[in-house]
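Data first, discussion second: the structure below is written as structure tokens.
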């Protein structure tokens, strides 16, 4: 029973492989195409890849000892080398249909489609004749032709994102710069105000010391002395009467006109 199951499993795997080989259509630009198409769009028969002394990795590009159309360099469609009218070797694109089960959103752009009757400059490239390659460099690798994908990769590189840590460090540095600037400004104004206060206190102290150290003559006022002498004379004048003087009648406020005391 297990032998029958194993045989059925092998048979199903073989059928799947056969169907994948028979499937002669491409998806996208046909880099994974492994069909048996041997003619180009112009009807020319492809040359064998080994006869051109080209070295490609068969496991990745599908190039080997055959003349089937392949796309080892990422071109728009599968292609192969053919012999020109003058004996030169040139590259031509193959006319292979697109798989019908492909999603419409993944269909190639219109500018990438290749007409079946004409050949553009990108599809046809002239190379040296195959017999011009020296036999001693049979295994030498030839640089593949750059396609659309290689041209896109050579564009400007995207700037590296600093990330959250980079932005945090930038904000931290800006805050430090702002704090330093504010501290320097406040320190300048504080020192300036303290110097002005010291100058004012010094002026007040100098004026006070100058007033204290003045001589006594600076406080002498002749007018003030004259007034003081007059006052002293007036208050110090004796009120003595001579024996010849008699009090005037009625001059004493305690005496009445009749001479009666208390009147």
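Each Cβ is built from the backbone N, Cα and C atoms, and glycine gets one as well.
Range annotated as transmembrane segment by Swiss-Prot, chosen from 101-121, 122-142, 143-163, 164-184: 164-184. Averaged across the domain 'Kringle' (24-99), pLDDT for the predicted model comes to 81.
Of all the disulfide-bonded residues given, namely 46, 80, 94, 99, the one with the smallest number of surrounding CB atoms inside 10 A is 99. Relative to residue 94 (disulfide bond), the disulfide-bonded residues with Cα atoms inside 10 Å are 46, 80, the candidates having been 25, 46, 80. A coil conformation is recorded for residue 25 (disulfide bond) in the three-state DSSP classification, outside any helix or strand.
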